[in-house]
Amino acid sequence: MQEPLITSPVPGQTLTVAPVAGSLRISGQPEIPSSKYYTLRYVLAATLADGESVIYYPAQSDDSEALFRGCRALGAQLAWDDAERRVLRIKGIGGRPPVQGPVTIEVGNAGAVLRLLLGLGALLPQVTFETDHPLSLGKRPNRELLEALASLGVAYEATGPEGCVPLTLHGGNLRGGHIRISGARSSQYLSALLFLCPLLTEPVEIEVVDMLKSQPLARATLEVLQEAGIVIEHDAALRHFKIQPNQRYQPREYVIPGDYPSAAALLAAASVATDPASELRLTRLRPGEEIGEALLSAFRAMGADLVRDGEQITLRGGRPLHGIELDGDVVIDCIPVLVAAACFAEGRSVFFNIESLHYKESDRIDDLCAELQRAGCDVEPRQDAIIVNGRPEGIEGGVTVDGHNDHRLLMALAIVGMRSRHGLTITGGEHIVKSYPHFFAVLRALGANLY
Ligand SMILES: O=C(O)C1=C[C@@H](OP(=O)(O)O)[C@@H](O)[C@H](O)C1
Ligand SMILES: C=C(OP(=O)(O)O)C(=O)O
């Protein structure tokens, strides 16, 4: 009768990661969550389709709930086939929301859900986006996307100069034309336009005016749009896009694969275990996903003993790790847990090209480094990088650290706490529900001393 360890979003929850007697063994074969990235994209494609789509194994998290609320607000009908919520049927809106009056969507703390729905919300006469996470999502910028939508004819009122939530769009009758969009802070702005523009009645050209961040996620958007029958012409560098009007999303059956950023947290935990009998086995991790392959390469470069056999990945812990230099943009959501692993590697690690981490649920450069330093790690924040001087002997701990409203900081801090001599108390644990509500319970079942 163990489970809980925080599966509800009640504010102010604290947990403790305590040292274990003897060596730390992290072993087991946990089920991992379904992909957040593909749940979002397939559920949106199904929402826009003409007819019924079936989604197998959608992610179950706070972000998914925000997504489902948004799709219902657009007019889609969502129904579960089973009590375990493994099969979701979606009756789509055929590209045209059957909505006349104003609607409000509560987007929780889900940035990608907000941005992609901002694009599609432009099809509605009036939509307001609200968040019950004013200190996290409420501080994240949407300005570039709102300006791009304005060039299609959308009017908006937003909070502050950066276009924060709460915000309201007045859309409906959109024109086409040439859109310029920045990709420097987020790829989600571009993804939002790519979902929206095929539904317009005039052709659109999109120009990305600077260096697009998180390119694998823009490519995931293009891949899903293609599966849904949408045609988008673009160059290999993802700077120019041509989109023909009046396209139709096709209904489909979609199977959601496992989630690499969640897997990254478990792999990082097993890689810093000190007992050589540690063995973590994860399944449902599709080969060929750009982010997944880059993540495995990063662990291998650190010296982790990691083997892939089809969709199964086995990592044997209790091996020494060494520092790496990594262009972190490709695995942007995995950086906090890779930094946590690097804290126990021999030598120096440099995670560079990660400036966009300033604009996530927390400031994942400054906030993460501040908490890791408090815990006794040797980390240095830079504007676009994190530098880690590893301490294979372990760290001191014995303090309270805060998760800064950020699920990925919580995962990183829990991993670091496992290798501290005096444990760590972590506040704000409820934010884990954003992507991986069972993370702490799984980590405990694998061998960590959490309570
Ligand atoms: O498109 C997506 O699904 C996402 C894009 C990324 O954001 P940025 O493009 O802002 O880096 C990523 O961090 C986020 O978790 C999900
Ligand atoms: C940055 C993240 O999410 P989002 O941008 O969707 O809020 C994340 O899941 O790490």
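Each residue, glycine too, has its Cβ placed from N, Cα and C.
Curation does not apply to TrEMBL; its annotations are automatic.
According to TrEMBL, K36, G111, R140, Q188, R364, R408 bind phosphoenolpyruvate; the candidate from K91, K434 that the record adds to this site is K434. A count of other CB atoms within 10 A of each Cβ picks out R408 as the most crowded of the binding-site residues R41, R140, K360, R364, R408. Recorded residues K36 (3-phosphoshikimate binding site) and G111 (phosphoenolpyruvate binding site) have their alpha carbons 12 Å apart, per Cα-Cα distance. In the three-state DSSP scheme, K36 (3-phosphoshikimate binding site) is classed as helix. Between the two most distant C-alpha atoms of the annotated phosphoenolpyruvate binders (K36, G111, R140, Q188, R364, R408, K434) there are 19 Å. When the binding-site residues S186, S187, K360, R364 are checked against ligand 2, K360 have a Cβ within less than 6 Å of one of its atoms.
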